[in-house]
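Notes follow the structure.
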Amino acid sequence: MIKIAINGYGRIGRNVLRALYESGRDKNIKIVAINELAAPEAMVHLTRFDTSHGRFHHPVQLAGNSMLVGEDLISLFAERDPSRLPWRALGVDVVLDCTGVFGSRADAELHLAAGAGKVLFSHPAEADVDATIVYGVNHQVLTGRERIVSNASCTTNCVVPVIETLHREFEINCGTITTIHSAMHDQQVIDAYHSDLRRTRAASQSIIPVDTKLAKGLERILPHFAGKFEAIAVRVPTINVTAMDLSITVRKKVTVTDVNQALQRASRGTLSGILDYTEEPLVSVDFNHDAHSCIIDGTQTRVSDANLVKMLMWCDNEWGFANRMLDTTRAMMAAG
């Protein structure tokens, strides 16, 4: 039995819990605790009802200082200092740190000092962590000795399997990526102050360029592409699902059919459950609650002069990533 604790019960933290239960309940994983500074009543309410993902089809209620999900009692804490949490007493194997705030080795060591066996960040971390994992691409590097791991980002999990597949088939020279991301909690409902002047503007009224470290994150997973990719990102007025526009140049001459068939083969083979492929005339909302890391829209693949390839891919930046958090947790524990 893998005992996990969730530190930070926001969009990803709640989706991790929902994904664990909705997937038929992996009997080998149990959530034993949640640490969140919000009111317990609000935590229960947002577990039961979700604007993006609908109602949670398991009974949830408060039970003293715990949350009862079905027959499972999950201890609730509101502690700012992770080193003071009772991870040792609870026998926590892995802390899923979903705060979006912590991200260094020193941050993770606070959980380890409290008695946790390992820590998995739900976001890109500093370079001093033991490993950064994109499940399906490099989770095999886990040896069991890693105690502090990052699950990268939702966009890295979306684009890296595609880049790795196409590089293996056609030898990529370089590329650019545009992320078209749904609005996030760090944006404003109406114009208000923010250190990023673009994010002072109302999220529902504009397409908003934001900074992204996606290219650096990609290099950490695929170091042979250091300096070969650049990325930009915009936020759009939707609440979930992200599109990614990938352009690459390749050494081998290719056609649209070549590219699409390579991705279809990968989706049926080594990347089954991670990568999906469609040619249906779908829009972003159709990918809401899709557990894949990436869904290729084959109708949008373009090739210019046999070497310049452009394609469109989708991901549910919440649900898909939450499922990868669970996959990486299993891989960390299976490695030893």
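Even glycines carry a Cβ here, placed using N, Cα and C.
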Inset, instruction - Going by Swiss-Prot, Ser153, Cys154, Thr155, Thr212, Lys213, Arg235 bind substrate; tell me which of Arg145, Arg168, Arg199 is listed for that site too. - result: Arg199
Legend entry - For Arg235 (substrate binding site): intrachain residues, at least 6 apart, with Cβ closer than 8 Å: His181, Ser182, Ala183, Met184, Gln187, Ala203, Ile207, Ile208, Val210
Legend entry - Secondary-structure category, per DSSP, in which His181 (site 'Activates thiol group during catalysis') falls: strand
Inset, instruction - Could you list the residues of the same chain, at least six apart in sequence, whose Cβ is under 8 A from the Cβ of Thr155 (substrate binding site)? - result: Thr179, His181, Thr212, Leu214, Ala233, Thr242, Met244, Cys315, Asn317
Legend entry - Nonlocal neighbours by CB distance (under 8 Å) for Ser153 (substrate binding site), same chain, sequence gap 6 or more: His123, Pro124, Leu214, Gly217, Phe321
Legend entry - Which of Arg80, His181, Arg199, Lys213, all recorded positions, has a Cβ with the fewest other Cβ atoms inside 10 Å: Arg80
Inset, instruction - Whole-number Å only: compute the distance from the Cα of Lys213 (substrate binding site) to the Cα of Cys154 (active site, nucleophile). - result: 12
